[in-house]
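Asks: Structure incoming, see below.
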Amino acid sequence: MLLFVGLGNPGKAYSANRHNIGFMAIDAIAREYGAPAFRARFQGLTSEITLSGEKIVLLKPETYMNESGRSVSDAVHFYKIDASRVIVFHDELDLAPGKVRVKKGGGNAGHNGLKSITQHITNDYRRVRIGIGHPGIKDMVRHYVLGDFSKTESAWVETLCLSIAVNAPLLAKGEDENFQNKIFHAMETAGLAKDGLF
């Protein structure tokens with residue numbers, strides 16, 4: 001089995017924030033594969049699906065971003081899985097909006113959600129880094145990530161999250177590079193790669 005974790009902050013006030021694109025990706029996956037309604041568990045909300053013959057537990061921590069590791073750790077210990085079976089979907093300032101990269105391990109790049117998870121289960125998990133771009137000034141980062149996507153941005157966010165969902169079986173099979181390429185081509189086909197997103 002695999003644990004798919006989307007990072008974000010709980011509550012309507014944060015639901016459209018750039019920082020919540022991890023939640024948005026998990027919700028898109030749940031919709032695409034007809035997942036049962038999310039229920040409260042592991043200090044978060046969970047559901048289950050099957051992809052490529054693999055059981056997938058979907059988790060959205062409700063601990064707030066900075067304590068995400070508590071929720072992830074609860075699930076990891078309950079299912080007795082290694083950190084390598086965890087895939088975390090999160091916003092990435094260092095990638096252009098709409099760009100996606102998958103990596104295993106590494107640093108946290110200042111992301112407090114990743115920092116918390118690493119403290120609880122080590123850094124031996126895979127990350128789906130979802131680009132939201134950088135405001136250009138370090139002092140503006142907090143305001144930027146906690147700001148809502150604009151109406152213009154919403155077009156690529158919706159297309160991107162759908163593409164992540166459609167191609168999620170590739171992640172389940174460990175085909176990370178193929179997953180990235182499929183998403184790039186989907187964005188390109190939608191005409192979004194021509195808007196300076198990549």
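The chain as shown is numbered from 1 upward.
In case you wondered, yes, glycine gets a Cβ from its N, Cα and C as well.
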Asks: Would you identify which residue of ASN108, ASN112 Swiss-Prot lists as part of the tRNA site it also attributes to TYR14, TYR64, ASN66?
Replies: ASN112
Asks: Taking only the Cα atoms, work out how far ASN9 (site 'Discriminates between blocked and unblocked aminoacyl-tRNA') lies from TYR64 (tRNA binding site), in Å, as a whole number.
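Replies: Answer for this pair: 5 Å between alpha carbons.
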Asks: Starting from the Cβ of ASN66 (tRNA binding site), draw a 10 Å sphere and report how many other Cβ atoms land inside it.
Replies: 12
Asks: Determine, for the tRNA site, the additional residues of the same chain whose CB lies within 8 Å of the mean position of the CB atoms of TYR14, TYR64, ASN66, ASN112; present them in sequence order.
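Replies: Surrounding the site, in chain order, are ASN9, HIS19, THR63, MET65, GLU67, SER68, GLY113.
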